[in-house]
């Protein structure tokens, strides 16, 4: 064959390198251009999982409600009543629904790449679309849960106040945090499948540490436990989102300024780190 | 070089010193892994070099057949060109939008309907919603599965699946079209239709790279044949001549 300097030819012809990881900015622009894929996939997936069951969309709400009822009853018997705040049912349901949003984003985000191997191996597209779509699906799932939550709140005497509008920034921050966690989990799972086994355990620990069915402020109050325990527990971002949600929706709960600091700080740091962390391995996802 | 009818056109694909290796890590039990780690022994890996220093240029408007027996590296080369696999050494440059039928229907979700899959697949290939909308009728008509378009794809026969996947891919208006062994599926009338569509793409100046074991068909379809053997380009010529060599006639 003729002796050709292929590299020079490519440079001279101005051919872009195939599969190259673009700059972060270009990557995000490309992601934005294909956002329809993420939103459409999220919507279709949700519809598809629901259409298989007779009760359809009702399960989105029934399942976490039943779980909340189980935990509420079991721990209502086991734990002393001074671990629970007043108007316990809205407290429990708000906590459980918001926690479900986090735990589902975490576990589904972790599977976003490993569960779509054939797609990743046969088409070239910004891989970040997959975890983004997984978190979007969980956000859509949250919508009917919020409707039921409103009914429960009103049923238990928590009438709408202007504070309810605070749910918009709270959920925006929580979505940022969840997306960051999903991106980190998605990349780690590609490198090490074993992470998938750890996710339910991490979720369980967070579930017990975030005060879903008891009040951290009441249980970890200083006389019974050293003061640092409560302080550490309050730096758990998942707890912060749940407490903010309760503070916004229930007049019996308070909105502490520290919670806003923890929530917005963790949302920003997790999202920025997650995006950069995921983007850096962009060229390696097709290999696994 | 090969008989090149279009020496004036610019390069569409340049492959420069491409090396692609696959590593097989032996999976050990946890005990062995720990023991190995304690002894500071390195992880044993088997390496298999699928492509060894492949260099080639393909010009715009060329229709190229990648030929070779099983395991010669054809599909790996195609996946590298499509950007799905990253080369271990060397570089590949491609001009324009690439569309590939490499794993047929890989972007299809079985739980979704044909219609939903068309929109999703179009979106992932970078088409806007308006573009998909405008071509939707055409895509469905080409696939001939109008009455099943609102059925979930998991109920499709393999032929219907292939038709829809092929139809979406050829309607994305790619500049470079990569086809891996897809014409083997589908009945004869549909195969003929696919071939007609490929000829249309060729006539409109698109660049095509085709992998197939149907040697007579690709030799007739393409104007250049590249023969791979054990990851090395051994012949680059008029496709019928390459096929004769493969059959031991040349």
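Each position is counted from 1, following the chain as shown.
The backbone N, Cα and C atoms fix where each Cβ goes, and this holds for glycine too.
Per TrEMBL, domain 'ABC transmembrane type-2' is recorded for A:55-281.
Summarising the annotation, TrEMBL assigns transmembrane segment to A:55-81 (among others).
TrEMBL lists A:87-107 (among others) with the feature transmembrane segment.
Sequence-distant neighbours of the transmembrane segment (A:128-156) (same chain, 6+ residues past either end, Cβ-Cβ under 8 Å): 27, 31, 34, 37-39, 41-43, 45-46, 57, 60-61, 64-65, 87, 89-90, 93-94, 97, 100-101, 104-105, 108-109, 111-113, 116, 119-120, 167, 171, 175, 178-179, 182-183, 186, 249-250, 275, 278-279, 282. Summarising the annotation, TrEMBL assigns transmembrane segment to A:128-156 (among others).
Annotated transmembrane segment per TrEMBL: A:162-186 (among others), in sequence order.
Annotation comment: TrEMBL describes A:198-216 (among others) as transmembrane segment.
Away from its own ends, the transmembrane segment (A:258-279) comes close to residues 21, 24, 27-28, 127-128, 131, 170, 173-174, 176-177, 179-184, 186-187, 234-235, 237, 240-241, 243-244, 247 of its chain (Cβ-Cβ under 8 Å, at least six residues beyond either end). Annotated transmembrane segment per TrEMBL: A:258-279 (among others), in sequence order.
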Outside the transmembrane segment (A:162-186), six or more residues from its ends: residues with CB under 8 Å to it: 98, 101-102, 105-106, 108-113, 128, 130-132, 134-135, 138-139, 142, 146, 195, 199, 237, 241, 244-245, 247-249, 255, 263-264, 266-275, 277-278
